[in-house]
């Protein structure tokens, strides 16, 4: 059991450049005895580092802005015992990412200060940058804090002004980010229907909750306290969060690391291959192939249903129920569904349980497809379990294609003895023609990926030349997708492989010489004619 206890604080300080202000704020912040403090809008420059560190008395990590704008910092109490493993600082003072080990537990701390709503394109750009940087940390203990400069719920998180005067596209991207990384707005999770705000404007009076703690769903059980506290010398309130390892009843996938050196041990590799083969044969010989899944499924459903049952007795608003479903109930399923095959019957049951909770077991008053839309489209973004499952499959593909040196990819590739899995994923290959004997999870991945790719078509000659030739629905001979095994094994995968620098098709002699093949004029002509001209 992890035995850490971490007190975190986050505050937009509205500029720290003034000597008197940062000294008085440091003294005030020390009263909270926080282990780690996230500060936004510090207005710091490199010249201030030594002075601020001396006055604070502990470690400070910076992402500098300018004297009058931007800047974020993460402060550590002098008594906090930690090991810094990685630091990523934005050169414009918008975000700071630290990977830290505390009491043998790794955390990824992200301090983010978003641009204001007047610069929505910049807001979107920064959240996309952070997503890319965190891709390899998808299943780690992630704690993101800061001033996000938007509200996630216009009804509960804003008072005064227009409820719809929010950066809609950025907020939608932020919601996608939260869903993709399986995060929860922990203060809202603990205060489902409460109305408290972290930023205020006096004239006219407008208040919003712009400051957030977004943490990994599986960390929510370790949260003992989260609160909003009035601050001094700032128009933002301070937000607090306490994580306790003693309360951590359920963690995510953990931080076990495979000894990659074993991959070079032939005896070990043979043992693993034989064991996998035996398990695969045993599984395929089972009379009921859903037995294994049922064991996992029932445990997951029971956990989710127990959460729903506990909250069903509360008189929650529809919005409150959606918060509970996303942050507490469905989160019990995320780790399992992100890496295993999910039967259709399971998807239907989960969605039925979701709808039953939303409408207290009665007939829905609003159609599911309406309430599942975003607020800008007249909905409440209620959970759509099937869409969420599809998004996890697409996320898997994204990781597979982007993490070039990851060892876990070797396991996936082992199921595709003839075809290169990367070729299949980046192509329009029709998987159903491949007769793959891969686990059902990969069939689900291919199906989701095919639906996603279906919205894209080649735009010009450059894109056409990058098209995969084999089993391509647009490249057919006698109305049938083609596959020439000997060509594929010699490295001919894409149209680009059989054309020259000017985009002209190579002659059959040139192909034979380049790839050591024995193709005929008719062979190359058939492919040439099969490629659409329009």
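Note that Cβ sites are derived from N, Cα and C of the backbone, with glycine treated the same way.
According to TrEMBL, the feature domain 'Endonuclease/exonuclease/phosphatase' maps to 10-236.
Residues or ranges marked as Mg(2+) binding site by TrEMBL: 12, 41, 147, 149, 235, 236. Secondary structure from DSSP puts residue 12 (Mg(2+) binding site) in a beta strand.
Packing around residue 113 (active site) is summarised by its Cβ count: 26 other Cβ atoms lie within 10 angstroms of its Cβ, all protein chains included. For the recorded site, residue 113 (active site), the DSSP three-state label reads strand. Taken from TrEMBL, the feature active site applies to 113.
Cβ-based neighbour count (10 Å, all protein chains) for residue 147 (Mg(2+) binding site) stands at 24. Feature annotation from TrEMBL assigns active site, proton donor/acceptor to 147.
According to DSSP, residue 149 (Mg(2+) binding site) is assigned to coil rather than to any helix or strand. Sequence annotations record features per position, and here TrEMBL assigns site 'Transition state stabilizer' to 149.
Taken from TrEMBL, the feature site 'Important for catalytic activity' covers 211. Under 8 Å, Cβ to Cβ, and six or more positions away along its own chain, residue 211 (site 'Important for catalytic activity') finds 10, 11, 12, 145, 146, 147, 148, 198, 199, 236, 237, 239. When secondary structure is read from DSSP and collapsed to three states, residue 211 (site 'Important for catalytic activity') falls in the strand class.
Marked as site 'Interaction with DNA substrate' by TrEMBL: 236.
Geometry remark: residue 113 (active site) versus residue 149 (Mg(2+) binding site), CA distance 8 Å. Fewest Cβ neighbours within 10 Å among the binding-site residues 12, 41, 235, 236: that distinction goes to 235. Apart from 12, 41, 147, 149, 235, 236, the Mg(2+) site neighbourhood in this chain, defined by C-beta within 8 angstroms of the site C-beta centre, holds 14, 40, 113, 198, 199, 210, 211, 234.
Around residue 149 (Mg(2+) binding site), taking its Cβ as the centre, 26 other Cβ atoms fall within 10 Å, counting all chains. Mean model confidence of the domain 'Endonuclease/exonuclease/phosphatase' (10-236) amounts to 92 (pLDDT, 0 to 100 scale).
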